[in-house]
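Novice: The active site, proton acceptor feature in Swiss-Prot is assigned to His593; the stated evidence is sequence analysis. Among the features that Swiss-Prot reports, compositional bias 'Polar residues' is placed at 7-16. Annotated compositional bias 'Basic and acidic residues' per Swiss-Prot: 258-275, 286-298, 708-719, in sequence order. Positions annotated as domain 'USP' by Swiss-Prot: 81-785. Marked as phosphoserine by Swiss-Prot: Ser16, Ser42, Ser67, Ser313, Ser475, Ser768. Annotation source Swiss-Prot lists region 'Disordered' at 1-21, 33-52, 258-336, 693-723.
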Amino acid sequence: MPGVIPSESNGLSRGSPSKKNRLSLKFFQKKETKRALDFTDSQENEEKASEYRASEIDQVVPAAQSSPINCEKRENLLPFVGLNNLGNTCYLNSILQVLYFCPGFKSGVKHLFNIISRKKEALKDEANQKDKGNCKEDSLASYELICSLQSLIISVEQLQASFLLNPEKYTDELATQPRRLLNTLRELNPMYEGYLQHDAQEVLQCILGNIQETCQLLKKEEVKNVAELPTKVEEIPHPKEEMNGINSIEMDSMRHSEDFKEKLPKGNGKRKSDTEFGNMKKKVKLSKEHQSLEENQRQTRSKRKATSDTLESPPKIIPKYISENESPRPSQKKSRVKINWLKSATKQPSILSKFCSLGKITTNQGVKGQSKENECDPEEDLGKCESDNTTNGCGLESPGNTVTPVNVNEVKPINKGEEQIGFELVEKLFQGQLVLRTRCLECESLTERREDFQDISVPVQEDELSKVEESSEISPEPKTEMKTLRWAISQFASVERIVGEDKYFCENCHHYTEAERSLLFDKMPEVITIHLKCFAASGLEFDCYGGGLSKINTPLLTPLKLSLEEWSTKPTNDSYGLFAVVMHSGITISSGHYTASVKVTDLNSLELDKGNFVVDQMCEIGKPEPLNEEEARGVVENYNDEEVSIRVGGNTQPSKVLNKKNVEAIGLLGGQKSKADYELYNKASNPDKVASTAFAENRNSETSDTTGTHESDRNKESSDQTGINISGFENKISYVVQSLKEYEGKWLLFDDSEVKVTEEKDFLNSLSPSTSPTSTPYLLFYKKL
């Protein structure tokens, strides 16, 4: 029996593997858990992982060799700012780059922005007037394009100056985002919403058209303000003159009291105040005050109260006139208006008096206390317009004052100056005038019609080419001769013969005759924009690209210098030089890519000259600018182009302004460089505290000269310290100017955020290629030399 048991145990042990096979799934799961708890396997896995990590480290080490590439990129970075593509916005970026380098455009936008900022400050002062508020909110919306352009110019110049002073901070690209301007364009024209491709010429016309409308609106408001000046009379008399005026009032009131009682019944005066307009209300009201002054000597207290109540009711009609003058000043005006009203009492007020009153405005001249003032009186103006016998302007003079009439025409030259140039920004730079002449072939009479233009659309191939293609069965693309830009302009200004059914009706001959029609240039702008008609309607094979407008890749020989004397109405010696080109690469108008090539010819237009930097540094150190809420929206009210470099190396207050602008609003820098630029201004703010405090100590010590020798020594030390800082800053400016002069006369290729330098030979080859490439010039910009 005991021998049987081992045999059974052996059998069981041998039979156990069969059970394992039957329960293999569960047993393998338990076995996997045991293996997971085994440390020997984990050690082997760690050894394998360490070997794998070592192999990875060996592979990562060669990747560190990419640093020389970054160094090369940093060395290849140019001190010119590109524009980030915000979704098929290459059409906008190319136009903005051309406008930025257009001579006179930045200064004109800056001047318009200063006018708008002053108007905004004036609107803040008049915010309590609810009637005018609704009208001027719409005008403020039209000003947004100027503000957006100015903020973009500021951001570009600020980024350019920061790169020139600290080039090691930028390794990838030098670009900013025109997001605010794009949003403004989308508000002005909903066509630009979304991310579709648009025509560069259309967006140029949209920008210039809105700028022109804004200039016209500003000009109308300026003329309106000049016309409203006569209604706002300001008087600042000397105290002695006030006493003389009061004495004259008492004498005149005693002298003319009986005349007032006879010629001015109470009922008529009250009715005039209810029915008449303008200054007649004021005259009747003042005449009542004269009566009250005379009767107060004999009236009781109750009567005085009653008359005072009647006198307090008219100010509700004209609160502004009363609030602007103090108590002695209206009294000084009472005698003057009273005598004038008596002088012209027989005349009825007419519409002519309202127009005559517009010819006078208030002037405040003289030295210190002396004042010269004009008062507008409709009756006196009417008498002046009818008889021309009055020589002292409006009204009689009081003993202490001299009245001098000032005409509106005499004030216009004062307001013209820079503002008139700013209001005509588009007209002066881009707008010219064409003359359409029609000559009758029978009587040789001429008729002319003038039209304004902002660009010239010229063909790039002959119109008969399509007919040749239809009739030709040999080649679908027949070879044509190379055309030139002068040929294209001659086609634009060609002489057209009107014959057949399109005959011209001559007013001299009184019947339809044959005629010749020509188009000539009468007035030429500073910048001529030539639009090459590279897109034409074609077959259905291009409908899939949208619009059915295919690209004409016919090359056109474009000269660097151009003269339009041949097509001008009068002889001229003006010549134009090519300074910018917008290129288009693609096959249709709704697809492809736009780039801009600009020639750097005038570095002074970049506002980076040495004098402006030093002056702005002294101003910035002495007077730091406050931080306003509007600056968070990207518009700096007191900011100008000359403060670009000082923002980088100036005091701490403007650096805060820039930090807030970079973080919150317009996103001056695109992509990763906003953080780097933010850190740049924070690091640059510490050394500026020393200069600002030193300059403050210098000014404080100068005001107190009797404070002792210690303060004088401190003054010398602080002045020496500021002198060292300024001299070091001048060295930086000279280095910046010298570095920019290297690019004088070179062509820059702006491909959105990328900026490259192209040789003149390569540029001419791309401008006038020998073959028919897909990249062809689309807009040519010539400036007057």
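Sequential numbering from 1, following the chain as shown.
Using N, Cα and C of the backbone, Cβ positions are placed for all residues, glycine too.
Give me the structural setting of these features: burial, nearby parts and distances.
Specialist: Reduced to three states, the DSSP call for His593 (active site, proton acceptor) is strand. Counting only residues at least six positions away in the same chain, the Cβ atoms of Cys90, His584, Ser585, Gly586 sit under 8 Å from the Cβ of His593 (active site, proton acceptor).
Proximity of Ser768 (phosphoserine) to non-local residues of its own chain (separation of 6 or more, Cβ distance below 8 Å) is seen for Pro555, Leu556, Leu557, Thr558, given in sequence order.
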Novice: Quick one: what's DSSP say for Ser768 (phosphoserine), helix, strand or coil?
Specialist: coil
Novice: Taking every residue in the domain 'USP' (81-785), what is their average pLDDT?
Specialist: 65
